[in-house]
């Protein structure tokens with residue numbers, strides 16, 4: 001009798017150590033699967049990130065070059081917009097050359113027409129002025145806005161009607 | 001399991017991060033930026049705008065554009081800070097029925113927590129869009145000096161935004177977490193947080209699993225924006241001196257100058273001189289005027305010297321309040337974009353006589369720390385899954401006593417890597433695999449872990465046998481090294497139990513030794529490689545002379561033999577790399593003549609047609 005009880009308790013012990021093992025096995029297998037899945041997902045994310053990096057790697061330099069386009073715009077404005085004058089035409093062409101190169105890298109100008117309502121998604125208001133236009137309408141584009149592969153990298157600066 | 005978001009809810013900008021594979025990762029917002037302006041507005045067309053969009057229309061809608069709400073949250077209207085800020089905040093505030101603050105936006109009065117909630121709601125939505133999962137919980141940071149009411153209000157803001165706030169943690173504590181300093185025992189830490197608009201100092205004490213704030217200090221109205229303003233003022237006055245024109249009243253010129261000043265400030269953290277070049281800044285009586293001025297780092301530092309000195313005085317005061325001396329401080333952590341400035345780093349380093357922690361982006365370190373706290377709640381940082389790295393490089397000795405690394409230090413284990421080597425002499429039938437640990441270039445300077453011999457390599461000319469050596473290290477750091485001759489299939493291996501069993505001090509010592517000797521080691525390695533290369537040339541010379549036999553004139557043979565002897569002597573006796581190199585190149589020049597003769601190209605007067613060397 002006593003032996004039987006002993007055997008039974010031994011059995012129970014074995015049972016519980018087996019179930020412990022099973023629990024551990026499941027936990028480890030789960031951890032392993034997760035680690036493997038994490039790696040695969042990481043690889044997928046990484047390839048997406050690489051794409052983004054390639055697309056936007058030149059964002060900083062394009063952003064800096066946009067200020068050069070601004071300077072050209074200011075120069076052309078100051079000299080008068082007439083393309084027929086020699087200096088202006090030269091300047092105008094250099095500006096276009098620069099912008100064309102930047103376009104190849106994904107730069108696009110944000111087109112704004114006077115009178116359209118101000119949209120803070122694409123524009124930054126720098127001043128409010130009295131005007132006969134409807135309140136909140138754009139009166140003047142002070143600096144052009146640009147996108148790079150669809151991402152706004154510089155909002156247009158505009159004056160808005162009071 | 002759903003991710004918990006870590007949020008740094010700042011006065012001017014906010015940032016967010018999650019834990020991914022155990023590491024904090026900053027999430028970009030919907031505009032693609034890593035920080036979001038803490039600005040909320042109701043536009044003229046009655047739209048609610050948050051972040052950059054709100055900021056873009058602030059000029060034309062100042063009354064309904066709310067910023068710096070963190071200065072008001074959880075405060076009483078009668079607080080002197082609120083009364084002071086009231087004078088310069090562009091929007092209207094009033095006393096609420098409970099004595100708190102209310103802010104007017106469009107035609108409604110809002111509580112500060114409602115405004116903060118709008119920022120948090122955008123952050124939540126952008127994070128969900130970015131990771132493609134719903135986010136329900138968050139850890140939000142607040143300044144260490146925030147009282148219960150301010151903390152509660154911040155927590156409420158989170159709840160209004162639909163986030164269950166798992167914990168409000170202190171910004172300096174988050175920064176310390178990001179640097180892993182919570183694992184230290186009984187250390188005093190100073191967090192120096194120089195942001196855009198505020199300057200905070202915190203003295204922390206790390207005990208067992210706890211981080212206690214011992215004292216806080218700073219100036220809520222001192223920041224990088226003050227630096228920008230100083231630069232702009234300087235530029236305006238210089239331009240006035242130079243051109244006699246005051247551009248401070250021209251809003252567009254001022255805007256361009258502001259951007260250029262900011263850029264120059266950033267540039268001057270890495271270079272010593274920056275040119276501010278703004279063509280057509282304005283037009284004078286005599287036509288267009290350009291802005292061209294140089295700003296040096298020295299000038300910049302002179303402009304903001306008083307601010308830096310003041311910040312150090314405040315540090316001194318705060319440490320004193322905590323009951324410490326500067327020498328009691330074990331770690332210094334830098335937070336806030338302005339701490340990139342070398343002059344600030346220098347001043348802090350000088351004061352503490354200690355290198356501050358600054359490896360993590362100072363704009364993102366608080367959000368990263370919040371994410372780490374979130375990760376602890378998530379249970380991502382489980383001990384079972386913690387993977388170790390090898391502390392020191394493992395490799396083998398190759399020809400000339402050079403240590404060739406196989407597994408570089410900091411490689412995550414378990415891992416396996418193999419590389420194919422060959423023999424150094426003709427008919428070599430055995431190779432010795434000498435396993436090394438350490439960062440030095442020469443085998444003899446590293447630690448020997450084991451040596452074994454692989455024999456039975458079939459006799460063949462040097463460089464022909466392919467012996468694959470593989471290092472396999474398991475999760476417990478047990479290293480198995482095996483070498484296998486690909487031709488005969490013979491292999492030999494050794495098992496090293498204690499490859500990572502070095503104390504932290506040992507590892508540090510070895511690393512420092514390696515760093516200290518890096519120049520000398522480089523030279524030794526180069527010498528070994530040069531000798532190695534020279535011996536190959538000798539081998540080639542002897543082989544060519546033997547094979548060419550009578551096909552080449554005796555005088556060339558003599559010349560080659562003589563140059564060979566000379567090179568041999570210099571290999572054995574000289575430690576001068578240049579000398580060996582020149583002897584080797586003399587020999588290879590002679591050798592090229594063999595080729596010219598053999599191919600019958602050495603016509604009369606054909607001396608000029610020497611083929612290019614190598």
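The first residue you see is number 1, and the count goes up from there.
Quick reminder: no glycine exception, Cβ is built from N, Cα and C everywhere.
The annotation phosphothreonine is assigned in TrEMBL to B:198. Long-range Cβ proximity for residue B:198 (phosphothreonine), meaning a same-chain Cβ under 8 A and a gap of 6 or more residues, is found for B:11, B:143, B:218, B:219, B:220, B:221, B:222, B:223. Look at residue B:198 (phosphothreonine): DSSP puts it in coil.
As annotated by TrEMBL, compositional bias 'Basic and acidic residues' applies to B:512-534.
Marked as region 'Disordered' by TrEMBL: B:512-535.
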Item checked: the region 'Disordered' (B:512-535) - residue tally per DSSP class, helix then strand then coil -> 23 helix, 0 strand, 1 coil
